[in-house]
Amino acid sequence: MATIIDGKALAAKVRERAAAEVAELGGRGISCGLAVVLVGDDQASATYVRSKLRDCEQCGIRSFDYKLPAETSQEELMELIGRLNADEDVTGILVQMPLPAHLDTERVVAAIDPNKDVDGFHPMNMGRLVRGLEGLRPCTPAGIMEMLDEYEIDPAGKNAVIVGRSSIVGKPMAFMLLARNATISVAHSRTDPHELARICQSADILVAACGVPKMIKGPWVKPGATVIDVGMDRDEAGKLCGDVDFDSAELVAGAITPVPGGVGPMTRAMLMSNVVLAAKLQHGL
Ligand code: NDP
């Protein structure tokens with residue numbers, strides 16, 4: 001049976017570490033403040049925002065909560081981001097995605113000060129990642145790297161397969177694993193479906209981030225492989241599940257993340273880490 005990678009327990013540790021750093025920075029006169037901007041009344045987004053604000057409170061991070069109506073214009077949103085960029089009490093800015101369709105997400109992301117970009121989505125931060133430079137990294141793949149380190153799974157020299165190539169998960173994941181000397185393959189919706197199982201079977205580290213419920217089955221997993229399930233999907237019964245068929249994959253994998261309790265809590269916790277890192281960057285630390 002595989003080792004179950006406990007994202008919840010590790011997330012608690014990451015939050016404790018962030019809280020200690022917040023206190024330490026506070027002692028040096030540096031405060032951490034996160035502005036969270038929510039446009040519209042999407043219920044799932046509102047829930048995510050509430051949990052982020054709660055995490056801030058737990059870590060001693062000041063939070064600034066901006067709830068804007070769904071009809072907010074591009075100019076109004078850009079103007080707010082400009083103000084938050086200039087506000088010294090705000091050391092991190094997060095605009096909750098997805099934005100309503102009439103807003104240009106790329107323009108919004110690019111308007112955030114890269115040193116306050118705690119989501120790590122700004123082209124400057126993505127560029128730094130690709131160039132192998134320090135910087136703010138997207139929370140989900142950053143959390144996965146923490147999990148690998150915690151469980152002493154060294155990517156160096158291993159074959160890593162990432163299923164999914166989104167800008168928030170798949171692509172940054174590929175570059176983070178590459179930076180740690182793994183050999184990378186990235187599969188996506190145009191990968192030959194007949195080849196996908198074989199590609200996955202080559203993985204010592206398999207990261208599933210495709211948003212297709214339980215697509216990756218036990219026989220696709222190399223015996224002893226590490227399986228990281230990013231998916232947050234619903235099965236036929238409407239129950240939360242991942243992109244991996246946990247029951248069959250667990251029998252073959254060496255280590256595996258559950259859904260829930262794996263990548264999700266780590267994504268949340270890494271946001272707190274990023275808020276601390278952003279404050280440090282702004283103070284040249
Ligand atoms: P996107 O929809 O942005 O990207 C999905 C990726 O998977 C795309 O690159 C797509 O290919 C690829 N894909 C889709 N279908 C297939 C298929 N049949 N075979 C191979 N590849 C496929 O999703 P995200 O990256 O945002 O999220 C992925 C999953 O992770 C979702 O379930 C999401 O809910 C979850 N998630 C969980 C987080 C957490 O904290 N646990 C955080 C973020 C996301 P193409 O590019 O060709 O379209």
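Including glycine, each Cβ sits where the backbone N, Cα and C put it.
Whatever TrEMBL says is automated annotation, not expert-curated.
Pulled from TrEMBL, these are the features on record:
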type    : residues               : note
BINDING : Gly164, Arg165, Ser166 : NADP(+) binding site
DOMAIN  : 5-119                  : domain 'Tetrahydrofolate dehydrogenase/cyclohydrolase catalytic'
DOMAIN  : 138-282                : domain 'Tetrahydrofolate dehydrogenase/cyclohydrolase NAD(P)-binding'
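Cβ atoms within 8 Å of the centroid of the Cβ atoms of Gly164, Arg165, Ser166 (the NADP(+) site) belong to the same-chain residues Ile162, Val163, Ser167, Val169, Gly170, Lys171, Val186, His188, Ala209, Cys210, site residues excluded.
Helix, strand and coil counts from DSSP across the domain 'Tetrahydrofolate dehydrogenase/cyclohydrolase catalytic' (5-119) read 61 helix, 19 strand, 35 coil. Per DSSP, the domain 'Tetrahydrofolate dehydrogenase/cyclohydrolase NAD(P)-binding' (138-282) is made up of 58 helix, 26 strand, 61 coil.
For Ser166 (NADP(+) binding site), the Cβ neighbour count at a 10 Å cut-off comes to 16, with all displayed protein chains included. If you count neighbouring Cβ atoms within 10 Å for each of the binding-site residues Gly164, Arg165, the highest count belongs to Gly164.
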